[in-house]
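Peer 1: In case it helps, Swiss-Prot gives these features for our protein:
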type	residues	note
SIGNAL	1-26	signal peptide
DISULFID	CYS31-CYS60	disulfide bond
DISULFID	CYS38-CYS53	disulfide bond
DISULFID	CYS43-CYS61	disulfide bond
Amino acid sequence: MRLHHLLLTLLFLVLSAGSGFTQGISNPLSCRLNRGICVPIRCPGNLRQIGTCFTPSVKCCRWR
């Protein structure tokens with residue numbers, strides 16, 4: 001019975017940790033950790049948008 005609880009807990013941790021990777025970048029810290037920069041308008045030509053920083057108008061951009 002203890003083994004079932006341990007396996008269920010492990011499964012829960014794996015599935016809950018993976019759910020964060022499906023969401024986009026939405027704050028400045030996660031933008032910087034993903035090697036991005038916050039740009040107040042749109043990303044320049046040699047950068048691509050990977051998320052937002054503060055609001056949807058502030059983009060998180062990274063080199064292509």
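Even glycines carry a Cβ here, placed using N, Cα and C.
Please go over these features one by one and say how buried each is and what sits next to it.
Peer 2: Counting only same-chain residues at least 6 apart in sequence, those with a Cβ under 8 Å from the Cβ of CYS60 (disulfide bond) are ILE25, PRO28, CYS31, ASN34, GLY36, ILE37, CYS38, VAL39, GLN49, ILE50, GLY51, THR52, CYS53.
In three-state terms derived from DSSP, CYS53 (disulfide bond) belongs to neither a helical nor a strand segment and is classed as coil.
The Cβ of CYS61 (disulfide bond) has GLY36, ILE37, CYS38, VAL39, CYS43, PRO44, LEU47, ARG48, GLN49, ILE50 as same-chain neighbours under 8 Å, each 6 or more residues away in sequence.
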Peer 1: Out of CYS38, CYS53, which of these disulfide-bonded residues shows the lowest number of other CB atoms within 10 Å of its CB?
Peer 2: CYS38
Peer 1: Considering the disulfide-bonded residues CYS31, CYS43, which residue's Cβ sits among the greatest number of other Cβ atoms within 10 Å?
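Peer 2: That would be CYS31, with the most Cβ atoms nearby.
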